[in-house]
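Data first, discussion second: the structure below is written as structure tokens.
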Amino acid sequence: MSRAKKNTTTAAAPQPWHSMAPSTVLERFKSNPHGLTDQEAAERYQKNGPNRLPTYKRRGPAIRLFLQFHNLLIYVLIGAALLSLVLGHGIDALVIAAVVLLNALIGFIQEGQAEKALDAIRTMIDPHCSVLRDNCRHSIAADHVVPGDIVFLDAGDRVPADLRLLSSHALHMDEAALTGESLPVEKHTGSLAQSTALADRSNMAYTGSYVASGQGMGVVVATAQNTQLGQIGTMLQKVEVPKTPLIIQMDQFARTLALLTLSVAAIAFLYTTLIGTTPVADAFMAVIGLAVSAIPEGLPAVLSITLALGVQRMAKRHAIIRRLPAVETLGAVSVICTDKTGTLTRNEMTVSALALSDAAYDVTGAGYEPEGAILQDGQTIDPAGHPGLPALLEVAALCNDARIRKSGSTHVAEGDPMEAALITLAMKAGQDLAQIRHQFPRRTALPFDARHRFMATLHPDAQGQCFAAIKGAPEKLLAICTKERNAQGEDRPIDLAGWHKKIGQLAAQGQRVLAFAVKSFPADKQEISVQDFETDAVFLGCMGFIDPPRKEVASAIKDCHTASIHVVMITGDHAATATEIARQIGLSNTPETITGAELDRMDDPALAAAITKTDVFARTTPEHKLRLVEAFQKQKRVLAMTGDGVNDAPALKRADVGVAMGKKGTEAAKQAADMVLADDNFSSIVAAVREGRTVYDNLMKVIGWTLPTSIGEAMTILIALFFGLALPVTPVQILWINMITAVALGTTLAFEPTEPGTMSRPPRKSGRPILDGALIWQVLFLSVLFLAGAFGVFYKAQANGLPIEAARTIVVNTLVVMEIFYLFSVRYIHGSSITLRGVIGTKAVLIGVALVAVGQLAFTYLPAMQAVFDTRPISLVDGAIILLIGIALIVIVEMEKKIRRTFFARKTGKI
Ligand code: ATP
């Protein structure tokens, strides 16, 4: 009761909502069955604020910045800076402090950008719901719902606020989020005792629950924090960025590497002090430099920005990522199972053929414009003069929830496109819809459900009896009809064979076929269920709909074929229709089709054999989808599966990448999916796969550049220490290299565009470890090259009589130049980098290189920098030699890449 008081901003309620009659609740909220006016709703929104549950408080910027320092390596560095200070190495301490600060700052900025990008995308799929305002049905963002609003509930909807139900037709809710009960509970509208427990309040629908089946309508009694969910305080939307498998692997690897480096550094320190080649303080500074260069401290931030950029690029291509790991998985997808209607086709339906028991008609016109006519043998006819037609058109108008709205000079469909096409047909036939609906008011409805494939509405008839208007899949209706109505309006035994032939002919042209029937009931019939439609219906006729394929789909399917991705159509439609559409979009010239009924007869081994060569699964139910996902996964295929209905949720959850439709999809499907398609378009899935492959490549490029360069740098110091040689670079210098290259060069790889030929490669094998043989080899190979470069120029410079400071300056510049050239090589992991495109680079790469060049010039020639880093100016000739070394490096690396690809790639399937 206290809840009731809190809820009402517009009324005080002495008793709980579930114990009141619907009319009382409406009264309390100054609402009515036609809904609030727009103005009233706007005022209530002003007063109540958005209908949003509070999210977990995000960490503030200060804490986020502070957390950048909360890292084992940073502690070591801070310790090192303090020790350096104590040991009198003020400059070293300062440089280390600068490295720490810069690293934290970059990490802070990059993380912030990544979070912002992901946040922006999250809001693109905010839930919507259907409300009645000013007696018109509108789809609005769920957070704009206000107390007193009338909300419609359909299968798959998420309840946006707490509702007292005003009507319910076979309404079943999934309340697991609230009560933990996993089975759907039935709802009705009758008042309940005040003491009824929450889980038993069958006349209420609570925020966060889903409509499992049926339809209903309710008045909002509580929003936002006043809802049951808000009060329990559970399930607050936790804003966290989940990690992808690759990032998790990388985190673990980085930690291991950090520990390994610290151990090696400790051993190196002990060894050096024992053999006494280097003074303790210098040795200590050297191992600090070693540790700093080997540990890829900037890597996590670069990886997360790479992912965020990928997610952003996908969103631009209408693919909205809900769960971050899907970004990576998409790149490994080898099977795409897709719906037909709306995904491969435009879902813009036009009725083009009518079939009665002994007459056939064509319909002209396209889209929802009511311009066109009904023709028989090429001649326009007046439907009123053809006895079978008005009854068929009436049933089509009655068993229908769609509307055609005039928007400017065009007509637009609201609701199910197929039902809208029926309204357009009625308009073309000159029917008065309002009059028909007034003459036969709807008592109740059995909504369409993909499992039983028909819809029915109950109406009183002119004789004081009652009848159901039925429309649905032809096979379904033929199975429940015992009679057919002939052109004279008389009922006679149904000619099943004749109908199957007619339906087959329409479907073979790629038309979607819908059948219509009626069934009589006693006058007092008030409710209908699936069991009422098992027999005794009268078949009226069929209609053929044209739903043209989307024009960009054929080329997207071609791309899938070159990328070795198997595309499978899974549809609820007729086998012949689906097969013809599959042929039209180029799925195959002679598509192999299996129906749901055939699938049911197959055991698992038979199905396993069938799925590899099947293009179309027709007349399937959502349960079939789940079975297909499992069958593909048993074959270790990485699978993307589309879905839109509430019953598709299990298959979407189970698929490696569950894809929900943004426009046509239910909230339940979106909730279960990893990715939502803003435009419901198949080609957006293919675009996302392409981006997925790019993101994975870029992540591998970032790793493939960072690890060899960091370890190569570290090896330079390590070798010198172990062999008691003069250090070719000082610890502060190595810190400088690490700082400037990691910041300016490493990050640029996050911006790499898709490599040419990305969609001509087969999908990568999933679950491959990062640190595989290829990467270990790359690290070793590059370390050797870096060592050779560093020591080579060091000794050469000294041999030429240059002082050690100048020699070291040359080494630093050589290492940096080698890293730049290696960056150009890493940019193309699947092809050669020595191409015009490769040399020109991207804007990001060019900015990065320019920054490093300016940095190196300052490092070498600026007196202040010379004082800090103990550097000397170098000659033009030395500069040219350094450049040549860089060029030599890229040539060697490219040759190695080519050899590796030629000899090993085919064998191992790796790059
Ligand atoms: P896809 O699964 O590719 O989206 P689909 O839209 O044909 O294809 P369903 O929505 O499961 O799949 O529809 C299956 C069949 O049910 C349709 O072919 C049609 O015959 C029938 N049907 C679809 N929508 C309705 C409806 N609103 N009323 C009555 N019958 C319908």
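Placed from the backbone N, Cα and C atoms, the Cβ positions cover glycine too.
Worth saying up front: this structure is predicted, and the values here are computed from it rather than measured.
Per TrEMBL, the features are as follows:
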DOMAIN    16-89  domain 'Cation-transporting P-type ATPase N-terminal'
TRANSMEM  65-87  transmembrane segment
TRANSMEM  93-109  transmembrane segment
TRANSMEM  257-277  transmembrane segment
TRANSMEM  283-309  transmembrane segment
TRANSMEM  702-727  transmembrane segment
TRANSMEM  733-753  transmembrane segment
TRANSMEM  774-794  transmembrane segment
TRANSMEM  806-824  transmembrane segment
TRANSMEM  844-862  transmembrane segment
TRANSMEM  874-893  transmembrane segment
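Note: the stretches the transmembrane segment (733-753) and the transmembrane segment (93-109) are in contact (3+ CB pairs below 8 A, sequence gap of 6 or more). Contact between the transmembrane segment (702-727) and the transmembrane segment (844-862) does not hold: fewer than three of their C-beta pairs are under 8 Å, each pair 6 or more apart in sequence.
Contact count against the transmembrane segment (283-309) (Cβ pairs under 8 Å) is highest for 65-87, out of 65-87, 93-109, 844-862, 874-893. Helix, strand and coil counts under DSSP for the domain 'Cation-transporting P-type ATPase N-terminal' (16-89) come to 43 helix, 1 strand, 30 coil. Confidence for the domain 'Cation-transporting P-type ATPase N-terminal' (16-89), expressed as mean pLDDT, is 85.
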